[in-house]
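Copied from TrEMBL, the annotated features are:
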type	residues	note
COMPBIAS	92-101	compositional bias 'Basic and acidic residues'
COMPBIAS	113-182	compositional bias 'Basic and acidic residues'
COMPBIAS	196-214	compositional bias 'Basic and acidic residues'
DOMAIN	73-103	domain 'OTU1-like C-terminal C2H2-type zinc finger'
DOMAIN	239-314	domain 'UBX'
REGION	92-182	region 'Disordered'
REGION	196-237	region 'Disordered'
Amino acid sequence: MASTDLDTLLEMGFDRPRAELAIQKKSDLTAAVGWLEEVQGMSLEEITAAEAKAEVDSNTVPADLKPGEEAKSLVCGDCGRKLRSHAQAEFHATKTGHVDFSESTEEIAPLTEEEKKAKLEELRRKLAEKRSGTSEQDKLDKKKNEDIRRKSTKETQDIKEDLKKKEQLKDAAAKRKEKQDEIAAKERIKAKIAADKEERRLRTEKEKAEREGRAPPAAQEAAILPTTSGPVASKPASAYTETRLRLQLPTGNIQKAFSVDTTLFEVASAVTRDSGLEVGSFIQNFPKKVFDAIDFGASLKELGLVPSASLIVK
């Protein structure tokens, strides 16, 4: 058999050891393909063992008839398939489990060139279908792996987004505290300046009264200036555990009760969850105040929204 027949078998998808064994055993490409089809469900070791057993059982009867030998065939009583040699019958029995064989004087005519071409085309078609099935499975496996990768990527992205939001809240809380500390420091400085000014005025008035020989004026109690910019409540915020918020949305008003320790970010999340509206800020009309992302990390108690408040959602 020409070396191009081996190349043809390899192109058809047969592995090299089986293709080389088929070339050694058969006299033409069609016979080699037919033999390979016969043993496609067997391993190379099983093929070798079956060959050895067939050789012993048939007293070394060759797989193919030699020129000049009397033509004969075997018939499988289980499926009716006609087989040229004892070796083919052995392979058929190993592959199918059929054991009922009988000799026949009917000669199995060799395939014509057209029949050989048709058989080759049929084998190529079956191999192509088999490969196509494998290709489809590969596509399904690839898609499954891609779905797993995409899900993993989304979960990782969600974790990153969650961490980013937490960092933003932390930064907002830090900026708000810094802002409050700065306002408190300015108020303390203003109070100290006012106290010093009042002290100098009283001292000047006292000295003038002494020079004029009259009683000094009574000292006026200095007004206590606020040290923070927080709203004044009727009673301490610590006395409340819950606050009621009236939230004005474009679609209407809603009222919800929250713990005083609830952050403004959690209130925004609740509004988004209930209405689907993305919240950017809250506006309080009285006293006039805008709560933006910097304030979202603070609690309702810290923002003075206790025991109740009315907010416009933006």
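Including glycine, each Cβ sits where the backbone N, Cα and C put it.
Confidence for the domain 'UBX' (239-314), expressed as mean pLDDT, is 90. Counting residue by residue with DSSP, the compositional bias 'Basic and acidic residues' (92-101) contains 5 helix, 1 strand, 4 coil. For the compositional bias 'Basic and acidic residues' (113-182), DSSP puts the residue distribution at 70 helix, 0 strand, 0 coil. For the domain 'OTU1-like C-terminal C2H2-type zinc finger' (73-103), the DSSP counts in helix, strand and coil order read 11 helix, 9 strand, 11 coil.
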